[in-house]
Every structure is written in C-alpha cells, then in structure tokens.
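Data block below; observations after.
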C-alpha cells in the first residue's frame with residue numbers, strides 16, 4: 001500500500017474492512033473455588049496424571065498397579081528372558097571394567113578412602129535396579145559430585161588430620177542429599193531442578209572438568225604438598241611453586257597412560273562399535289601399571305601407590321551419621337548442593353538414552369529412586385552416587401536391555417571386594433589421575449557452547465559466568481552465580497515483556513514484525529502493536545510506558561515524513577496467555593492516557609477474529 005500524504009485523510013479511506021463472521025463468546029462453565037484450586041494444583045504438580053491408570057480398575061488390579069509404580073522391576077521382571085540376560089551380562093561386565101577403576105579414582109577425588117568408591121559401586125546399583133525406571137542408566141560415583149563433596153567438606157575438616165570425622169561428614173552429606181532428592185520426587189517438586197538450564201550445565205560442567213583435571217596435577221606430577229583450594233590460580237601456583245617435588249618417573253608414566261587412554265577414547269568416538277576399547281582401557285591401564293610398579297619396585301623410585309586396601313563387603317555406617325553438632329549446617333549444605341547436581345546429571349542422562357530407545361522415564365520416580373539409593377547408601381559406607389554419563393553410554397552401546405546390567409556390575413564389584421583387593425595394592429596414583437582426566441574431558445562440550453552463542457547471547461553470558469565462576473571462585477559459588485543470573489533473566493522476561501510493531505504483508509491479511517519482515521508495511525493512521533507475554537502486576541507499568549513511547553516514536557517519525565498521524569491503536573493480544581486484575585486495569589489506564597494525550601481518536605473496542613487479533617482500538 002502506497003503511503004498517503006494527506007494528513008486530513010479519514011481512517012475509513014485507508015483500510016478496507018471486509019465483512020467477517022462474528023462468533024458469540026460465552027463465559028466458561030461455573031466452577032467453585034475448590035474446583036479451581038484443585039485443577040490448578042493438578043496442573044502444577046500432576047501434569048502427567050499418574051493416578052489416571054487406577055481409574056475404573058478393580059481393587060486387586062489397583063494394588064498390582066501401585067506395586068508396579070513403586071517398584072518398576074515388577075513391570076518388566078515377569079517377562080524377563082534368558083535372551084535379555086545374555087545382553088545384560090555383557091553390558092554389566094563391560095561397565096564393571098570401567099566402574100572399578102573409576103570408583104577408586106573418584107573416591108580419591110572426594111578425599112575419601114579408595115575402598116569407599118568401590119562400596120559406592122556395589123549397594124546403590126542394586127537399589128536402583130529395583131526402584132529405577134531407566135534401562136540404560138549405570139549407577140555409581142561421578143566426578144562432579146565427588147569434587148563438590150570433597151571441596152566443600154575440606155573447607156571445615158581436614159581429611160588428613162581428622163579422617164574419621166571427614167568420613168562421617170561425607171556419609172551424613174550423602175544422607176541429606178538422598179533425603180532431599182527423594183523429597184523432591186515424593187512432593188513432585190522436580191521443576192526446581194529446571195532452574196539449572198542447559199547453558200548453566202554446559203558452563204558448569206566445563207568449568208568443573210577444568211578444575212578436576214588441574215587437581216590431578218598432584219598425581220600426574222608426583223607432587224607431595226599440594227593446595228587444597230579449588231581455584232585456577234591457587235592450583236597453578238601450587239604446581240609451579242613445588243617444581244622441586246616433580247618426579248620425572250611419575251610424569252613419564254602419567255604421560256604414557258594418558259596418551260593411551262585418550263587414544264582409546266578417540267577410537268571409540270570415531271567408531272561407536274568399538275565402544276569396548278574405551279570401556280576397557282581404564283582397567284587395562286590399572287592392570288598394566290600395577291604390574292610395572294610391582295615388577296620394577298617403582299614405589300621406591302618416586303611413584304606413589306594406593307597401598308593396602310581392606311577386603312570385604314560394605315560395613316554398616318548408620319551409626320556414623322551426624323544429625324547434630326557444629327558441623328550439621330555444613331553437611332546439610334553439602335548434601336543439598338551435591339544432591340541437586342547429581343540428581344540433575346542422573347535424570348538428564350536417563351532421559352537422553354530413553355529418547356534414543358523411544359521409552360519414557362518418569363522424572364519424579366527417578367528422583368525417589370536416586371534419593372532412596374543415596375539414603376540407603378549412606379547407611380552402608382557409600383557416598384553420593386547417581387547415573388554417570390560415561391558408564392551409561394558404555395552400558396547403552398554394549399546393548400543393555402534392562403537394569404539387570406547394574407546388578408551384574410554390582411556382583412562383579414562384590415567379587416572384587418571379596419577376593420581381588422590385594423591386587424590393587426601397587427596401583428599407582430598417577431594412573432588414577434589419568435583415568436579421571438580422560439573421563440572429565442568429555443564434559444567439555446564446545447559444539448553446544450557454539451550453538452548457544454548462535455541462538456541466545458544472554459544464555460551464552462550465563463554459560464560463561466558459570467564457567468569462570470567455577471574455575472576462578474569455587475564450584476558451588478560458580479553454580480550459584482549462574483543460577484542467580486538465570487533467575488534474573490526470567491524476571492526480566494516477566495517484568496519487561498517483548499513488544500513488537502506489526503505491519504501488513506502486501507496482498508495478504510497477514511501482519512508480521514516490521515523489523516523481521518522487510519516486505520511488511522505500515523498502514524497509515526494505524527499503530528499495531530503485539531504484546532508477547534502474560535500481562536500481570538509485574539509488567540503493567542512497563543507496558544503502559546512502553547506503549548506510550550511507541551506512540552511518541554511513531555508520531556515523531558510520521559511528522560518528519562509529513563504523513564498522517566495515528567487514528568487507531570491496535571493491540572494484538574494473541575500471544576497473551578493470561579491477564580490478572582492489574583492487567584485489566586492497564587487497559588483502562590491506557591485508554592485514559594491516550595485520550596488525555598489527544599493524539600489518538602477514541603473509538604470502540606474491537607475483536608478482529610479474521611486476523612487472529614484480540615484488538616483494542618481507540
């Protein structure tokens with residue numbers, strides 16, 4: 001449409017109104033306050049409607065369904081076959097070969113005795129096999145939770161000077177982590193962990209991977225006196241201020257096995273069918289390095305070893321839990337942080353592989369399973385466990401069919417605890433450090449970071465804050481900063497909703513954003529604005545001021561072009577999903593403000609269904 005320079009032109013001559021069918025709008029059916037509240041609570045806490053399966057079922061069937069809901073093993077267990085077991089035993093043995101060296105390594109990362117890592121790979125998988133709903137999740141200790149647990153507890157208690165108290169606090173933190181996780185699932189509050197957005201997790205995981213890798217400089221360089229701090233600067237300063245403690249024998253062995261592990265990982269990434277190469281590489285490294293140390297008496301030539309480990313299954317630890325005393329606040333805080341991180345990782349991993357195999361994973365049931373797994377684990381000498389991505393990927397690629405693969409892994413670890421512990425006496429710490437570095441490298445996801453940069457620059461800033469907060473401040477503070485910035489972003493979106501000026505696509509009845517569609521043109525005399533968020537008490541003031549500013553900008557621009565002034569203001573509310581009482585008052589106040597301004601002719605309210613607009617015209 002060509003612009004009309006006649007300022008006295010009537011609005012009727014600039015837009016042809018076509019006849020349209022009018023549909024009567026009726027009020028919704030009356031519902032009591034109780035009914036409205038019940039519906040709202042159901043939509044908030046029960047969007048998946050878990051009770052639907054119990055409707056119209058006989059009492060006996062309801063009891064069976066309830067048992068299957070609480071114990072998912074009862075769903076697939078009756079149909080389990082030997083064919084499925086053959087697949088599960090292969091995958092279980094495969095992940096056991098990875099879980100044993102990783103369990104020892106991650107326990108040392110948490111400043112716990114290495115045997116605790118194996119304990120944590122025995123009991124929790126058995127619990128998850130009964131309660132968990134994922135077929136692919138491989139349960140055990142993970143690097144990030146181990147790092148956070150160790151770093152937070154070391155701020156108050158030294159694992160060297162007071163190892164018993166440190167161990168007690170670790171078990172107590174695991175109990176509170178499990179209690180928090182199970183409570184989230186029981187109360188169906190899983191949406192809380194949704195505040196950890198993809199950008200936060202990518203930045204946090206990458207930062208934690210860097211810190212975990214740098215912490216291994218102590219083992220890879222053979223340093224005896226190493227900083228307990230987690231920041232980038234203190235770690236590097238400690239490494240270079242203790243050059244006199246560097247051991248060339250340790251460095252040589254660490255470099256060789258690190259290259260071997262990285263090559264094995266590269267082969268498996270390039271050819272997924274060779275997943276067993278990276279899965280078996282850590283155990284092969286442990287065996288080879290142990291043989292070398294034992295044959296050449298390397299422990300007497302600068303290479304530190306694990307030392308003698310106790311044999312036997314998990315001793316009870318319920319009597320070691322601390323529910324009072326000066327350290328109670330510390331263990332609760334540690335439990336909450338490690339619980340959130342491990343829960344997020346476990347559910348994310350479970351959902352990822354469930355999507356690949358086209359089955360559903362119930363997030364709330366997973367929370368209860370992981371939570372109870374940690375509560376029981378805290379009473380059986382285990383620390384925080386969850387579904388590990390590296391082990392779950394190996395489990396998936398190895399052809400796991402059910403959670404029985406976790407049982408097979410657990411039995412393998414049990415055999416190790418009972419009969420094979422003396423074999424680890426000469427395992428060098430440098431190889432455990434190399435295993436950790438190789439495992440956490442996969443947490444640095446550069447392609448995902450690049451994708452975030454392309455899609456949302458603000459999310460990229462959040463990701464960088466999480467990354468730099470972790471490596472320069474601390475793991476927990478970096479996470480807190482990133483969450484705070486994400487919440488600030490949500491508040492900005494609520495209080496500063498997006499408003500757009502729309503134009504008509506020539507030859508159509510379609511109206512689109514003028515800044516995105518170059519063919520869209522303004523209609524002389526009309527200012528058409530779109531509000532793209534709910535209207536509520538938090539943004540009504542901003543919307544009023546922003547709309548008046550749109551009017552001023554439009555009139556200023558039209559005066560410069562000497563074209564017609566505004567005769568109609570149209571608000572497209574098709575993207576507005578909800579309006580509260582403050583939002584209703586907004587339109588009344590806006591109408592008065594426009595009338596007092598005297599630049600827009602007062603007119604009636606219109607509902608233009610033809611263009612899918614909810615329109616307000618003055």
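Backbone N, Cα and C define each Cβ position, glycine as well.
Keep in mind that this is a model prediction, so the values were computed, not measured.
Features as listed in TrEMBL:
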TRANSMEM  112-130  transmembrane segment
TRANSMEM  165-187  transmembrane segment
TRANSMEM  199-217  transmembrane segment
TRANSMEM  246-263  transmembrane segment
TRANSMEM  275-296  transmembrane segment
TRANSMEM  367-390  transmembrane segment
TRANSMEM  402-424  transmembrane segment
TRANSMEM  430-448  transmembrane segment
TRANSMEM  460-488  transmembrane segment
DOMAIN    516-598  domain 'STAS'
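For the domain 'STAS' (516-598), DSSP puts the residue distribution at 39 helix, 14 strand, 30 coil. Contact between the transmembrane segment (402-424) and the transmembrane segment (112-130) is supported by 3 or more Cβ pairs under 8 Å, counting only residues 6 or more apart in sequence. Averaged across the domain 'STAS' (516-598), pLDDT in this predicted model comes to 81. Ranking 199-217, 246-263, 367-390 by CB pairs under 8 A with the transmembrane segment (112-130) puts 367-390 at the top. The stretch with the most CB contacts under 8 Å to the transmembrane segment (367-390), chosen from 165-187, 199-217, 246-263, is 165-187.
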